[in-house]
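What Swiss-Prot says about this protein:
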BINDING   345-352, 391-395, 445-448  GTP binding site
COMPBIAS  114-138  compositional bias 'Basic and acidic residues'
COMPBIAS  139-150  compositional bias 'Low complexity'
COMPBIAS  159-169  compositional bias 'Low complexity'
COMPBIAS  170-210  compositional bias 'Basic and acidic residues'
COMPBIAS  229-243  compositional bias 'Basic residues'
DOMAIN    336-505  domain 'tr-type G'
REGION    345-352  region 'G1'
REGION    445-448  region 'G4'
Amino acid sequence: MTQVTVKELALVVDTPVERLLQQMREAGLSHTSAEQVVTDNEKQALLAHLKGSHGVKLEEPRKITLQRKTTTTLRVAGSKTISVEVRKKKTYVKRSPDELEAEKQRELEEQRAAEEAAVRQKAGEEARRRAAEQEAQRQAEAAAAAAVAAKEPESALGVAPEPVAAPPASEERKREEPRRVDKEKVRNVDDERRERKNAQHRPSIKDKAPAARAVVRSVDEDGEGFGRRGGRGGKSKLKKRNQHGFQNPTGPVVREVTIGETITVAELAQQMSVKAAEVIKFMFKMGTPVTINQVLDQETAQLLAEELGHKVKLVSENALEEQLAESLKFEGEAEARAPVVTVMGHVDHGKTSLLDYIRRTKVATGEAGGITQHIGAYHVETDRGMITFLDTPGHAAFTAMRARGAKATDIVILVVAADDGVMPQTEEAIQHAKAAGVPIVVAVNKIDKPEADPDRVKNDLAARDVIPEEWGGDTQFVHVSAKAGTGIDELLEAVLLQAEVLELKATPSAPGRGVVIESRLDKGRGPVATVLVQNGTLRQGDVVLAGVNFGRVRAMLDENGQPLKEAGPSIPVEILGLDSTPDAGDELTVVTDEKKAREVALFRQGKFREVKLARQHSAKLENIFETMGQDEKKTLNIVLKADVRGSLEALQGALSELGNEEVQVRVVGGGVGGITESDANLALASNAVLFGFNVRADAGARKIVEQEGLDLRYYNVIYDIIEDVKKALSGMLGSEVRENILGVAEVRDVFRSPKFGAIAGCMVLEGNVHRNRPIRVLRDDVVIFEGELESLRRFKDDVSEVRAGMECGIGVKSYNDVKVGDKIEVYEKVQVARSL
């Protein structure tokens, strides 16, 4: 017999050890620890206790059979002994309590019958007494009425006496009340007698138990739960079963579904109180396959919930953002601030050179390729006040960077070369300025060149709704030369005049607020962000929040690298201390609590991730049917690292636009800073090319590149990287086969040759006819045969080529149906490399 401990028994019955010990103590067992042994008898005792505590009555045996064995030995002849076993069996039958119960029932019936007879006798006497009283009262009233009628004189004149008024209804109800009570008593007595009679004739519990188990009734049928009647003497006793009853709703239940900007399928199903499988099935019917953890955007979830008949409540999940906005108070006296001026225009029109002359520096010569690839932010002290300049790139790839420049600025200086006129990026800069509602000052540059034509610039800009002041418009035109310095003072005066009209003000005493112009990852200092302070004052040590990033300002530097303690409105600074490089264009805000900044940053990260996933999935679903049945595109994978965030965005946008329906570019990884070992591993895993834009690879990355033979390329001009990617994509396209027609000959006569069959006597009309080249036979300009030129002769001599204007004999391989007037076209197939 195997013995088990209390702990093992608890594992078997799936209950905590403490609870099992408590139940054993209640059962009278002496176990106190989990390591004590439990015998089979103790298990039976515990089981009997648990059954009794849960209302299960253990039925006592009505019949007990005892067996007794005795063995004796008998000696027989031959000194042999025989074992004799005597078995005795005795059965004890317990007397059934039914007879005692029946006797008790008879006594109770006789007692109840006597009580009922007494009640009926008493009720009858009470009814007779009340009837006698009512009869006497009625006779007295009739006598009184007759006496009154005899005294009236009208009776002698034959006037009919007035009828006796009927007793009021209330009195009638009073007289009827005793009779009604008596009837109710008699009815109750009869009901009790009938119930006892039915109870005596009911089957016993044992006979009824199987039928009761077979019948299942719901809560709605008897109102008290599931049960069956039982008990001694047929008494009605209702035993409830611990079973839940559910009543189906008579109509669809309409619920209010709260939907944020994104919601998963499981959360939406839970709010609608339906299974997630039903939601997935419904989405399949709508033509959108989803999974249970799929993130749905707000519009899709709203459409789905409304289709299923529920009310939709759209909520904005910006409670933290609103709370943050309320906590920011910009109190104080507003003061005039310096204007923020953005210099925009087409590439190579002289934007940076113009700023160089104003700042008396040489920035343009230091730019790679002589073009600006970052947003430069500078503030300049002039005789008439301070001006902050933002220099934006002019290349087509930097559209987003120019848009950010227009968004953060007060005035736009549109630089147009007098010798070049309005170009595509010039038009784009005009559109950005108008979209941001920013006034434009046009600087017509390179006015000192001989081929300069400023009037053409005016006409081109006027055609694009930029009207000069002298023509009745509101745009100032200034002729300047960035090299000679002509018109620079007039340009600054025009800018400051425009700033006075705008009445630019800020509150220096308020907490700092600005916009991120640029960001990069410095190897020695970490994430560095170029920030333009727009309002308030930014101080060293402030806790700042920029998009999904936050941190404490550890240091501030101006554009010359000099440290600053604080920066007021319209001052561009570089700040150190953020946890990562923020995106250019993010709004930077000073907050009071670092905990609140971290909470808002994490909330924005989660929100951005969910929205991005929802958009990616919707884009995949939109393209699923378009790409069905098409060959898979060839993809050029690129890992791209750049020095600043703006250049990274510009390159990603420019590279993603390259390609066609056969090849495409996919930037599998991108970031700011040098090329690290993890970037090299990513390129190795994804079979990608490593591109470094103004950055270099560290020692670990170079080691992996050399060992694995990865393709690592460095660039410092955006034109070069785009051209190289175009060449790589063109190589992935492969080559195509083209046909070049070498010559055309017309059949003038047909000869028969025993060796070659039909020989066509031809005149070469165009080009040259070559032997052993593919040909086509055309009749009425319709191709009737394609084959190979087998024999080419001139004056019975085999030749390899016949030029135009000469006669020749042509034998076509496996073709004899040549007729006069046919044309024989000789061609060749060449493979040509394709390009984008």
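Note that Cβ sites are derived from N, Cα and C of the backbone, with glycine treated the same way.
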Local Cβ density at Gly345 (GTP binding site) - other Cβ atoms counted within 10 Å: 29
Structural state census, the compositional bias 'Low complexity' (139-150) (DSSP three-state): 12 helix, 0 strand, 0 coil
C-beta crowding around Lys351 (GTP binding site), within 10 angstroms: 30
DSSP-derived helix, strand and coil totals, residue by residue, for the compositional bias 'Basic and acidic residues' (114-138): 25 helix, 0 strand, 0 coil
Which listed residue (Asp348, Ile447) has most other Cβ within 10 Å, given these are binding-site residues: Ile447
Average model confidence [pLDDT] within the domain 'tr-type G' (336-505): 77
